[in-house]
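Asks: Straight out of TrEMBL:
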TRANSMEM  22-45  transmembrane segment
BINDING   His239, His299, His370, His586  Fe cation binding site
Amino acid sequence: MMASQVVKPDTRNCKRPRELEIFLHFVSNLSTIAVGFLSVMVRWISVLKKYVESTRQKKAIFSKQERLPCIAPLVTTVEETPQIVSACVRGHFPQWLRGYLLRVGPGKFEFGKDKYNHWFDGMALLHQFRMEKGTVTYRSKFLQSDTYKANSVHDRIVISEFGTLAVPDPCKNVFERFLSKFELPAITDNTNVNYVQYKGDYYLSTETNFMNKVDIKTLEKTEKVDWRKFIAVNGATAHPHYDADGTAYNMGNSYGSHGSCYNVIRVPPEKVDLGETIHGAQVICSIASAEGMRPSYYHSFGMTRKYIIFIEQPLKMNLWKVVTSKIRGKSFADGISWEPQYNTRFHVVDKHTGQLLPGMYYSKPFVTFHQINAFEDQGCVVIDLCCQDDGRSLEVYQLQNLRKVGEGLDQVYNSVGRSFPRRFVLPLHVSLNDPEGQNLSPLSYSSASAVKQADGKIWCSYENLHPEGLEDEGGIEFPQINYGQFSGRKYRFFYGCGFRHLVGDSLIKVDVVNKTLTIWREDGFYPSEPVFVPAPGTSEEDGGVILSVVITPKQNENNFLLVLDAKNFEELGRAEVPVQMPYGFHGTFVTI
């Protein structure tokens, strides 16, 4: 059988129809375009791949740390040093520097067999460095709060703190322990966050309704003050602001059947009677929470000469969880959650009239714990903040995390959001006739924008106040300025701690105009919040010194008080103290 043949038609002399010619021409051009497009795409993919790789490398350099040293000794119980100790001064302290550096932070993390869970829970330890004629002395004492005394008497934790729930008395029977879950929890007066001033007196403050008045010379508690006896608030921040005449402003929450409110508080500057504390305090404005029973957590607020700026952020407190925490066997911290489905909102209040301005200012979700400064310019409020894009850092600062070593410590650090300085501009006089979709900020020196939307809201986008080099430093926190001369005014410099570890490991001066950094660092040492002290007789913004308590976990090294020239950030001297100190929070300088 012969194989079948496939006969192909002879088309050499056949003419193609016009439509076929057009189609083939189109296909030919399409294939050429496709080849060109694919060629471009291949090149772009190659470029993109290199960019992604370089970005990953940058992220590894800027955000991740490996082989972090153990800092457990910095968050471990220490002994108080009630007797005055003379420091060994190396270099020199300026002769004009005469006063107390006062600091506070957690210093005791267990009672008996009970241990605290969170860094914020430790008992308040007061520190005092006294400087005079170039000499420095040191002492420290535990705050004799009612909480500290009760825990000491029972040799266990009997009052709950932020991250630790006090367990029922083990001496009670099962039924009594069960019933104790339904008792109202005692509110801690362990005021371990900051020194604040009202009417010339100094108080230790946290974020509950209690403050403790202290004698700054002896570090002894003299009086316990309850905000609720003066105004209808359930607490106040540990970061009030002050007018030049001593008038103090603060913010505190109030809760009720109607929901929750954020309240602006004003405390007069002078006493009518010598025995006064915060007598005369007033709530001058109440701002309703947008989510009712889910108000925002906040740690501070901003103030210009005329306005209070409150930031309602998506770090939420679930009041139901807070109220039922004891029944559920959970701490207060369990009721706080990061909810980035909500945007961040700025509220502006006229601090003289108490009027809430009608502007609705929003930005993408972020969290701020500390404001840097705020001022007015060309019909706008300018507010500078240390911001994080991830609001879950509170839960990271559990003591078990801070005390980890090796890879476990690295993983904890690399999970924490970084804090960077950002500027927002809020135009105050927005009208219905203002165009939508355009930047309403008139400030030529700032790239921050404020764009009106169709619904009347103003969408605010920030300007970074730092160069890229700050990413290498792990961001910045604990910001401080020349407060006495530049709070509420246009300024140029601020100071803070760099965070290449879970606590500050460098001191940084930021020039927000030129966006430059000046850094002080010593490996193995961890500086605290920088405090600016102005030199007498100078009007220069950075004319003065920076004070910072620098501590180390190294057994063979001393902790010390550091003094830097604020202008060039060069070390002038250090006062070494052979005393163990934990890493603390905030403080202040008081001239004597």
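Cβ coordinates come from backbone N, Cα and C, glycine included.
Quantities reported herein were computed from a predicted structural model and do not represent experimental measurements.
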Asks: Once the chains shown are all counted, how many other Cβ atoms turn up within 10 Å of the Cβ of His239 (Fe cation binding site)?
Replies: 20
Asks: Near the Cβ of His586 (Fe cation binding site), how many other Cβ atoms are there if near means within 10 Å?
Replies: 22
Asks: Return the count of C-beta atoms lying within 10 angstroms of the C-beta of His370 (Fe cation binding site), excluding that atom itself.
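Replies: His370 (Fe cation binding site) is surrounded by 19 other Cβ atoms within 10 Å.
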Asks: Far apart in sequence but close in space: which same-chain residues, 6 or more away, have a Cβ under 8 Å from His299 (Fe cation binding site)?
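Replies: Expected: Glu207, Thr237, Ala238, His239, Thr368, Phe369, His370.
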Asks: Can you list, in sequence order, the residues of the same chain other than His239, His299, His370, His586 whose CB lies within 8 Å of the CB centroid of the Fe cation site?
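Replies: My list of surrounding residues reads Val193, Asn194, Thr237, Ala238, Ser300, Phe369, Gln371.
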